[in-house]
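Asker: Copied straight from Swiss-Prot:
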BINDING   Glu64, Glu94, His97, Glu178  Fe cation 1 binding site
BINDING   Glu94, Glu146, Glu178, His181  Fe cation 2 binding site
Amino acid sequence: MTTQRHYSPIDRLLLQADMAMRTLLPFSGQPYRPSPAIVQPDAQMSETETRHVAGLMRINHTGEVCAQALYQGQALTAKLPQVRAAMEHAAEEEIDHLAWCEQRIRQLGSHPSVLNPLFYGLSFGIGAAAGLISDKVSLGFVAATEHQVCKHLDEHLEQLPAEDEKSRAILEQMRIDEEHHAESALDAGGFRFPAPVRFGMSLLAKVMTKSTYRI
């Protein structure tokens, strides 16, 4: 017979602090799955192409930082235990993406964005606020966010040099996972956000992508 552990508010705050450090500190996120890039050949790219791919992967890495913070914030304030558990499980899956992107960025001779702590804090606050409103809104926010991420991944896949199979393999697997997260959130009862809200979210996403491409 299995028992479910019940965490106190202090326990949850400590867990959130631990997850924040694992998300933001270099090389601290250990993936549960090996990177899809491992089995792909190295690419011969020009310096300009390498810088561009590094910028794209930096954007994707920051996107995963935001997703991690969003899930953690929602898990902290979710009202139903099953919703909280779903958020925590999704956050664990995002650790893979976080680690894969960082590994690829380092391979390309670059670094994650210095703005990650800022975006983590903002996303955590948004996630916690959504959870306070209702679990339905919280799940809907997950779905809308993941659909936005899928659009960015599609755009980045089109921009990758044809020979960069390592980055392509990572983004393709991330695309599959993010779509699954979005559909799972809707299936669990998530609210489908109207077009104006999704448009506002896309504007905020553009701020993140423009700023993290270079820094």
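Any Cβ shown, glycine's included, is placed from N, Cα and C.
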Asker: Which chain-mates of His97 (Fe cation 1 binding site) that are at least 6 residues away have a CB under 8 A from its CB, listed by sequence?
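Answerer: Counting only residues 6 or more apart in sequence, the Cβ neighbours of His97 (Fe cation 1 binding site) under 8 Å are Asn60, Glu64, Ala67, Met174, Asp177.
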Asker: Around Glu94 (Fe cation 1 binding site), which residues of its chain at least 6 apart sit with Cβ under 8 Å of its Cβ?
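Answerer: Long-range Cβ contacts: Glu64, Ala67, Gln68, Tyr71.
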Asker: C-alpha of Glu146 (Fe cation 2 binding site) to C-alpha of Glu178 (Fe cation 1 binding site): distance in Å?
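Answerer: The separation of the Cα atoms works out to 6 Å.
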Asker: Count the Cβ atoms, other than its own, that fall within 10 Å of the Cβ of Glu64 (Fe cation 1 binding site), considering every protein chain shown.
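Answerer: Taking all protein chains shown, Glu64 (Fe cation 1 binding site) has 26 Cβ neighbours within 10 Å.
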Asker: Measure the Cβ-based neighbour count of Glu178 (Fe cation 1 binding site), defined as the other Cβ atoms within 10 Å of its Cβ.
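Answerer: Around the Cβ of Glu178 (Fe cation 1 binding site), 24 other Cβ atoms lie within 10 Å.
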Asker: Using the centroid of the Cβ atoms of Glu94, Glu146, Glu178, His181 as reference, list every other same-chain residue with Cβ within 8 Å of it (recorded Fe cation 2 site), in sequence order.
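Answerer: Near the Fe cation 2 site, the remaining chain residues are Ala67, Ala90, Glu93, His97, Val142, Thr145, Val149, Asp177, Glu179, His180, Ala182.
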Asker: What is the set of residues, excluding Glu64, Glu94, His97, Glu178, whose C-beta falls within 8 angstroms of the centroid of the C-beta atoms at the Fe cation 1 site?
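Answerer: Near the Fe cation 1 site, beyond Glu64, Glu94, His97, Glu178, sit Gly63, Ala67, Gln68, Glu93, Asp96, Leu98, Val149, Met174, Asp177.
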Asker: I'd like the number of other C-beta atoms within 10 A of the C-beta of His181 (Fe cation 2 binding site), please.
Answerer: 23
